[in-house]
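Peer 1: Dropping a structure here in structure tokens format, bear with me for questions.
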Amino acid sequence: MRFDSLLDSLGHTPLVGLPRLSPSPSVRLWAKLEDRNPTGSIKDRTAFYMVEQAEKDGLLRPGATILEPTSGNTGISLAMVAKLRGYRLVCVMPENTSAERTQLLKMWGAEIVYSPAAGGSNEAVRVAKRMAGEQPDWVMLYQYGNPANARAHYETTGPELLADLPGVTHFVAGLGTTGTLMGVGRYLRENRPGVAIVAAEPRYGELVYGLRNLDEGFVPELYDESVLTTRFSVPAEAALRRTRELLAAEGIFAGISTGGALHAALGVAAKAVRDGESAEIAFVIADGGWKYLSTGAYEGSLDEAADRLDGQLWA
Amino acid sequence: MAIEVRIPTILRNYTDGAKAVQSTGSTLGELFANLDSSHPGIGGRLVEDAKLRRFVNVYLNDEDVRFLGGLDTPVADGDTVTVLPAVAGGAPDAARV
């Protein structure tokens, strides 16, 4: 396949079957390989759509500065798009995200402001909003509330998925900004009545929650619970276990949040088997495992790996 | 066989410090009632006016029971029920990121 530029090659990712992890020939799992995007994650779609919309709206002019709270992938995608389109990027990132993310962001020319680990992504959002107030000429694209984030998935990810799997019964993805679930979810609900939209939410340790209890629960502006059919809460240990199973059984080397989505996908698969129903379950491989090697997720026993992840944001 | 109930730190004073206890029942409500018989007082921390308390999140095999049927959700031997305190701020159903 030939494209005029890197950005033109975005999306159109493969959907691959998982014959070994699927419980039966009538209950099948399918993985959408979003790690096959230009910077290696699903966030390339979001970044491209948000920048393009801001250009159309006249918010971004040549040389402008973009500001964004991000725990990594969106920042990396935005850094690539910003570099190609001639913008400066400042990312606000929790200090407890993996080392590779910092290196990648800097590699693509982004500047990084760290927010305290204790508040997680919520604190990064708060710090970014404060900085935006102090720098009125900077443009915050704000992935948690930018309709272009969900629209990217409504216009690209959703249609690609339905074209490849017209009989899809379940769509499963990680719940972060909620953009993937809202965009793909709305598209599928309009075009595939009866489809189930399933969220996989990371469950962090009590340490993180203990500190977060100081906060108000943060709900992304994009989030509309009525789009969801159900929601799973996935502990780090389960996400790690599934990430390793995906590698061992199907040869797919994915990031840890993908293990969370697989955990939820296997949960709905088990229910379909129990209820004697057939199912075509698609889930999202949000990124590859490369950025998480330093977390030790793929080495030693599961317990050791889970201990190493304790207190880190893994999705 | 029975149903395993995982208890958060904040409620382990009812379970002699145990992180997980076994109980039985055909629905989540029954399970919590039986749990309260063996660990008196814990039921009132989970259920109020025949509904799940607002600041408690309960997961059946990691699936949020508020999407399943609340206290009427069927449970079966071999299931795992996880109880967690919700994030303060009054939005137990809110997405956390």
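Backbone N, Cα and C define each Cβ position, glycine as well.
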Peer 1: For the pyridoxal 5'-phosphate site that TrEMBL gives with A:Gly176, A:Thr177, A:Thr178, A:Gly179, A:Thr180, A:Ser257, which of A:Asn73, A:Asn96 also belongs there?
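Peer 2: Pyridoxal 5'-phosphate site check in TrEMBL: besides A:Gly176, A:Thr177, A:Thr178, A:Gly179, A:Thr180, A:Ser257, the record includes A:Asn73 out of A:Asn73, A:Asn96.
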Peer 1: Listing the recorded positions A:Lys43, A:Thr177, A:Gly179, A:Thr180, which lie under 8 Å (Cβ to Cβ) from chain B?
Peer 2: A:Thr177
Peer 1: Residues with Cβ closer than 8 Å to the Cβ of A:Thr177 (pyridoxal 5'-phosphate binding site), same chain and 6+ apart in sequence?
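Peer 2: Those within reach of A:Thr177 (pyridoxal 5'-phosphate binding site), by Cβ under 8 Å and sequence separation of 6 or more, are A:Thr46, A:Thr74, A:Gln143, A:Tyr144, A:Asn149, A:Pro220, A:Leu222.
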Peer 1: If you measure A:Lys43 (N6-(pyridoxal phosphate)lysine) to A:Thr180 (pyridoxal 5'-phosphate binding site) at Cα, how many Å is it?
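Peer 2: Distance between the two Cα atoms comes out at 9 Å.
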Peer 1: What average pLDDT does the predicted model assign to the domain 'Tryptophan synthase beta chain-like PALP' (A:8-285)?
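Peer 2: Here the predicted model's pLDDT, averaged over the domain 'Tryptophan synthase beta chain-like PALP' (A:8-285), is 92.
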